[in-house]
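What Swiss-Prot annotates here:
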| type | residues | note |
| --- | --- | --- |
| MOD_RES | T56 | N-acetylthreonine |
| TOPO_DOM | 1-69 | topological domain 'Periplasmic' |
| TOPO_DOM | 91-97 | topological domain 'Cytoplasmic' |
| TRANSMEM | 70-90 | transmembrane segment |
| TRANSMEM | 98-119 | transmembrane segment |
Amino acid sequence: MNLSFAKGGLPAPVKNRAWQYCQMAWRGVTSKKALSRLAALSPLLLLGVGQMASATDLLAGGKDDVKATFGADSFVMMCIIIAELIVGVAMYIRTKNLLILLGLVVVIVFTTVGLTFIK
């Protein structure tokens with residue numbers, strides 16, 4: 001019974017066996033036969049790239065739905081503005097600071113302008 005252990009805790013022959021398998025796999029990939037097959041198939045792979053690039057846009061029909069949901073005149077925009085108003089008024093009542101109401105106007109303008117870019 002061989003109980004000699006290497007540093008990692010596994011027997012030395014197990015580590016060597018794994019390394020030998022890696023070396024055999026690398027030799028198989030880099031052999032002249034494998035490289036010649038790769039050289040013969042690479043032009044065929046390049047011919048197929050043009051066929052894969054042509055496709056139909058499956059999400060083109062959803063563009064109108066996105067505009068209706070997140071556009072400038074949408075229901076989501078109305079909900080965002082109402083939420084901003086509620087939070088702004090609550091913050092003003094809590095702090096009694098008029099600059100918060102000015103900030104509320106600025107935030108509403110920025111969100112309105114930002115959501116108009118959704119085309």
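Using the three backbone atoms N, Cα and C, a Cβ is placed for every residue, glycine included.
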Where T56 (N-acetylthreonine) sits in the secondary structure, as DSSP reduces it to three classes: coil
Around the Cβ of the residue listed as 'N-acetylthreonine', the count of other Cβ atoms that are within 10 Å: 5
